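As recorded in TrEMBL, the features of this protein are as follows:
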DOMAIN    368-441  domain 'Sphingomyelin synthase-like'
TRANSMEM  215-239  transmembrane segment
TRANSMEM  265-286  transmembrane segment
TRANSMEM  298-320  transmembrane segment
TRANSMEM  372-389  transmembrane segment
TRANSMEM  396-415  transmembrane segment
TRANSMEM  421-439  transmembrane segment
Amino acid sequence: MCDVDGEICCESVTQHAVQTSPVTAKVASAEAQTEVPFHELKYTNQSLQIKSIPDWKVEEVQQWSCLEQFSQEMRLCLRAEEFDGQVLLALTEEDVRDLRYKLAYKLTFGEMKRFWQTVFHLQYQWQQQQDQQLLHEQQLKLQSNGALSTTTLPLMLGISSHLAQSSRGNVFITAPVVAPPPESCPCPSVRDRGSSFSMSDTLQGKNKRCVSPEYFKTAISLGYSFVVTWITSFVMVIVHERVPDMKRYPPLPDIFLDNVPHIPWAFNMCEITGTLLFTIWLFVLIFHKYRMVLLRRFFALAGTVFLLRCVTMLITSLSVPGTHLQCNQKDFAIDDPNVDVFGALVIRMTRAYRIWSGLGMSIQGVRTCGDYMFSGHTVALTLLNFFITEYTPRNLYFLHTLTWLLNMFGIFFILAAHEHYSIDVFVAFYITSRLFLYYHTLSNNRALMQSDSTRTRIWFPMFSYFENSVDGIIPNEFDTTSSLIDSLVQQVIRIKDHIALIVNRIWLARTFSTSSFNLFENSDHDTQNHFPSKPTSNLQLRISSTPILGNASKQQMKPSTADANVSPFTSAANDLRNHLSEKKVL
């Protein structure tokens, strides 16, 4: 075996193994004598391979991986993570999955599965040998009346928590259960491993990464956020009408505002930093594979925080924080006595629409007063910051540092502009960050939701509905530009096919309705010819001529001898067939 620039060569591994390790030298010599491949030899002759696994070093594990013909990426992974014999024996299927999903090695699913199957057999055979050895020692101890004692410390096995299901040949293997010693023997019996195990069962646990987009839930979340923004805009109009008089109620004492001079352009800078954060968040949404889940959570949290903000700024009106702000109740007051309640509501809704369409931003020309407790700009900045850092890879330190700097500078600009009190900003940051963390803690830990699901459904009904199908942490996986374009093209084709199917169904429904009408008309005409002396309404003739009514109606219809061979329904079916063929030709 050789190592050139981090790459492992396995061309003549058997010859090198003879020179480097006595354990692998035994294996190579046994292979040369018996001419049996290594992967068959290790399961037939346990004394050569299984007995010495705990003594393997990293180099011997590398030789074993070469003989097993694992991929180059798997061999590099085994060397980088320093796999030795005891690590192989303690390896679990969850550890194998972590090589790809946590440590980010580029291993295929088939490679991971084959590696786990091979390690699984090694662990099983070593454990089987240890059980036989333990049973043999117990028998010797009984024969020598307790004079024999073993000093071998047990090793932790990756398969100790479940029974093996063989991955080769789909043969179920049951580990031998050691018979318990007699009652006079003080030695404890070997643990029972008699439960069945399926590797596909554990695969449904942590690595269940198939998360449904659930467009309907995302639409509900969007609608919820849309309604809350309208309520917020309307409440901002109401609180502006109730803003305290600046002459009677001067600004409240504030440690930060009293010691930092007013910067006129600072509030615009705050909104610019928010725009930068929103742009970064849009890019994350576009390329993230689970963008629907991200959108659903963003709208749900934003709607909840702003709904709480409506309550806090409505129940208590704080005085204007700065003398530079020209706030007056008359700005939004409705003093015209001729305006009724409905007219006043229309005026307020018009003003609310101006605030809503401008997103409440001063750079859009929106200026409001009275909406101080708590800061909506701080809520937006904090939400964007937390969502960007949560749903981007942890190793993007520059991006995370940038978003936190933008968040903190945005808060500073709000206070420097004297647009909010310090308590407004602090409460906004605390409530937004706590709600974000509580929401994601519950959604990422299914056990917390299930342990008290009734109370969760009562206090957080929207959360329980949105997150009932999400199990575990949403992985930060992103689409490339080509894959994103391909998915968009597939979506367009799917929508086109769906529209074509609907149009085709409508056309067929109209065609069959027209043909059915002609069928009834022909049936009426034939019925009148057969029964000329019996006056009957058209409705009765149609009912009597339909074949759905059964034998009673069929007995009333007696065709003449001229039409004995051709019934009126057969002629109508022929007319329908000819009509459809003409449509097709046209």
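Note: Cβ is positioned from N, Cα and C throughout, glycine not excepted.
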Selection from 215-239, 265-286, 298-320, 396-415, the stretch that has most Cβ pairs under 8 A to the transmembrane segment (421-439): 298-320
Paired segments the transmembrane segment (298-320) and the transmembrane segment (215-239) in contact, 3+ CB pairs under 8 A: yes
Counts by DSSP class (helix H/G/I, strand E/B, coil) across the domain 'Sphingomyelin synthase-like' (368-441): 55 helix, 0 strand, 19 coil
Segment confidence, the domain 'Sphingomyelin synthase-like' (368-441), expressed as mean pLDDT: 94
